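See structure below.
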Amino acid sequence: MYPHAAIRTDILSPTSTNNSSSLHSSGSKSECLILSSHRARGSEERLNIPLNKTISHEYARLASVPLHLVPWMFLQLFARLIPDRLLATAPHFIDMLTIILLGSNSALTAFAFCAPLTFSVNAVLLCIGTALQAVVSSRLRANTSDVSQLVTETLAVGGLFALVLSFAGVISIYPFMLLVGAPGDVIRDAVPYMIIWWLGSTLISLKFTAVGVVQAFSRNRGPVALALLHSTFRALLCPVLVAVIGLPGVAVAEVIVTGAEASIVIALLAAKFHLLRPTEVTVHTTLANVVLLGRTALPFLETLLPFPLTSIALTAVLARYDTVLVTGFAVAARIVEYPVITWPVSAAMVAAPFVADNVAARRMFRTLVGLALAVVLVLVPIEVAWLVLLAPARAIFGLILPADAADSAALYLRMTLPGVGILCSVLVLAGLLAVTGHGEVGGAMIVVEGGIQAAAVVLASVATHSVKAVFSVYSIAPVIFLVVALFLVYLIITRRDEDARAPPGGLSSPADLDDFYFPQDRRQFEASVDKLLTISVSDSDQPILQRMEYDFSVLSLADNESSGSSDIDG
């Protein structure tokens, strides 16, 4: 039944010099990744990565677990990602609370006008780090031998990209402030802060990239610990600097703490995990990895695109009424909305491998289950949070803000948080369309959604001159796109289910027919072979391997007889 996939005992031997990657036990208590070098045949490259502790191993398990256990595993993986994502947004709380408690009202207003720009840049850098995590995870699961080369080249190119971005950002500070309608005194307070922040954005980029690598092969304990230390030192340093130099102290604290974190993570990648190999960098592979990373980051970037667009549009619209409204909006967004937007990325990361594997195997019901769970993980917590905060929102904001700014923040929260939850659900569905082979459809829908929502906010302001009308349009627009996203998913899944009823054209070889008619059997077979590759086999184990070969041949014969296709091997 599997004539081209016979078990090879030579690749199971620890002395094998096969040029492909292999996994085996090194004699220690935990398995580690051993990669054969493509440059020197027969040599081995050892990466100090314990395989039984990788989060990518959990993603691989998720594809084959029984259906009734899928929700529990989804929840487990989602819960592991959320603490790090929430801790990543904790510095935003620290910055905002420090400015509110220790800074002046003018400093708080300037900080509010800068928030859409810093948020947009952080979203781009977060997407790059998330994409690198996804690529490294896939390389680890596939046992490829170019992980260290990928990491080295990505960090180098990421640093150069961040340098170019920082200089471009310094030049664009004044035009951006004019775009969002900032008054002259606000621009005067904001420019020193933004110059320091832009010049330090290179360190922010390196931090996101390096942490993305660590997240690919850890159970998230290391990144969570780093994020906790970052928030702790930020909370200690930021108030001191703000009390001394005002608003620029926020940027100085961020640059210092982020630079220290980036240095620690890069040192760990080089010294402990042996993932930085400058001698392996080549122009050809660097360009290839940059293209791969860009293609991987694009769906994540599209997932977050509506938030920067609508944030900039709302800031510009609210500035036409009063700068106090901008302050209230910025505070509410930092305290509530910023942690919320990390959820669709986390849900998409959990669901994407599961959906992709089941789409490839044409298990459409399991695919629908994965999509539904991803939406539930995002929508339900956000709507519950809205119900909890609906009544006490004004009192909570009144504790830290002046009365008029607290009214604005509470109004924004009450009227828009349900729409934010629906928007996050749309983003998850659109992002998961990419793993079904329709990424261009999902990407186009997200871009259109962000553009239409931003345009609708501006038009509502011009037509009604009402803040409530602006917030209502902002919240209602995602509902239309949720219906569109559900309809697209239904069409795609239905079409794939129809395609699965007959073999597609071009499947003429026995191997291709095997792949089509027996995808689940093939996946179980390959999983068994992969399991064999993770153990060390000595000469005394050869009889066991021969018996396993016999067992597989008997299994293949039984499958052929039961399916009435015993002539496939011929």
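Including glycine, each Cβ sits where the backbone N, Cα and C put it.
Curation does not apply to TrEMBL; its annotations are automatic.
As annotated by TrEMBL, transmembrane segment applies to 119-138, 150-175, 195-217, 224-245, 251-271, 292-318, 338-356, 368-391, 411-435, 442-463, 469-493.
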>> Please tell me whether the transmembrane segment (469-493) and the transmembrane segment (292-318) touch - that is, whether there are at least 3 C-beta pairs under 8 Å between them, with each pair 6 or more apart in sequence.
In response: yes
>> Short question: most Cβ pairs under 8 Å with the transmembrane segment (251-271), which of 119-138, 224-245, 368-391?
In response: 224-245
> Ranking 119-138, 150-175, 368-391 by Cβ pairs under 8 Å to the transmembrane segment (292-318), which is first?
Replying inline: 119-138
>> Same chain only, please: residues at least 6 beyond the ends of the transmembrane segment (368-391) with a C-beta under 8 Å from a C-beta of the stretch. Say none if there are none.
In response: 67, 70-71, 74-75, 78, 336, 340, 343-344, 347-348, 350-351, 354-355, 358, 413-414, 417-418, 420-422, 424-425, 428-429, 432, 489, 493
>> Ranking 150-175, 224-245, 411-435 by the number of C-beta pairs under 8 Å to the transmembrane segment (119-138), which range is first?
In response: 150-175
> So which residues does the transmembrane segment (150-175) touch in its own chain, when a touch means Cβ under 8 Å and the partner is 6 or more beyond its ends?
Replying inline: 121, 125, 128, 132, 135-136, 139, 187, 190-191, 194-195, 198-202, 204-206, 209-210, 213, 266, 269, 275-278, 280-281, 285-286, 289-290, 293
